[in-house]
Amino acid sequence: MEGEIGSFIKVWLSVLTSLCYCYAIGKMVPKGTNRLIFLLPVVCLFLFLPLNLYSPNLGGVTAFFIAWLGNFKLLLFAFDKGPLLAHTSLPLFLAVACLPIKIQRNQPSKSQLNGQVKENPSSKSHQNGHEKENSSTRKSKEGAVNYAIKGLLLVIMIRVYDYSEYMHPKIILLLYSMHMYFHLEIILAISAAMARSLSRLELEPQFNKPYLSTSLQDFWGKRWNLMVTSILRPTVYEPTLRFSSTLIGRKWAPIPSVLSTFVVSALMHELMFYYLGRMTPTGEVTLFFLIHGFFLTVEIALKKALNGKCRLPRLVTGPLTVGFVLGTGFWLFIPQFTRCKVDVRAFEEYAEVGTLLKSASEKVLGILSAK
């Protein structure tokens, strides 16, 4: 474990150094192909660096942060698109580039758009400001409680795995699904909290209660892992949409655009699983995303054809959506974690960390008692 932590530190020092180089390139080289050429070596390096890590926790997080999100952000940055901006400060550039965060852009008011500035705001505007501040504080407190509950549930689930031999395999798959969701959301929340403390900026949420989804379009577009959605939209969906619009018209152009986005997402997930297990892909992860891409395009086509004339109630669409996601996940996606032995290696790491913490606490208590 100590050797892996050393490799982890070296990898992230390489990442930060490379991003400083990218920041300098953004200042000196104009957007376009020339900037892209200068950034491509870093993109290749970011694909290689996760191969130096074998820990499913440290390696998996690093691969997701830099090989996928970081590289896509750099490709957008080459053309002055996406969340990275050349004129921001270096610390903010580094945070946005290597962490799964997106700065929340405040919409200007109508008076600002019209060039009208009021010198003496009314009491009503003061009241609205206080309401927004109170709402932000309330959401922050609710978020902290939410993550605390999920963290506690994650700890309980780790203990429950000790009795997995007495459980039905489907129950174990359900626990793995919940584990993946809680683990991913907590990691992204910690990353966002770190960036927020450094930049003092409001960040967009990473998840939006995916268990309340009422359609596949709602699940993938508005609720599940929104950082990935916000990166795939400008890199894959929008370019394909513009190209498809010239061929089949604006009305039906979203269909090939959605399919293309899911194909790219499938390939990136296959790459993430390769980093986790160093095993040849079986194609099941790709099939999972192709199935979801196909049914999502069917959903979009039906909505356009019916034009809102026939809508099923949320009580029907909600369970159907969540059931479809869980069913296909149990069939194709979740088993990849056991195939790569991610679960076994992750639990071994949890045990090692627990042993290290216990040893450290005993040493601290020994020093205090000696005094």
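Count begins at 1; order follows the chain as displayed.
Any Cβ shown, glycine's included, is placed from N, Cα and C.
When the ranges 6-24, 63-81 are checked against TrEMBL, the one recorded as transmembrane segment is 6-24. Here TrEMBL gives transmembrane segment for one range in the set 314-334, 335-355: that range is 314-334. For the transmembrane segment (252-276), the residues of the chain that approach it from at least six positions outside its boundaries are 50-51, 53, 56, 59-60, 63-64, 67-68, 228, 232-233, 235-238, 240-241, 244-245, 285-286, 288-290, 292-294, 296-297, 300-301, 304, 336-337, 340, 342, judged by C-beta separation under 8 angstroms. Contact between the transmembrane segment (314-334) and the transmembrane segment (173-195) holds: at least three of their C-beta pairs are under 8 Å, each pair 6 or more apart in sequence. Most Cβ pairs within less than 8 Å of the transmembrane segment (173-195), among stretches 6-24, 36-54, 144-161, 282-302, belong to 144-161. Sequence-distant contacts of the transmembrane segment (144-161), counting only residues of its own chain at least 6 positions beyond either end whose CB sits under 8 Å from a CB of the stretch, comprise 175, 178-179, 182-183, 185-186, 189, 343, 347, 350.
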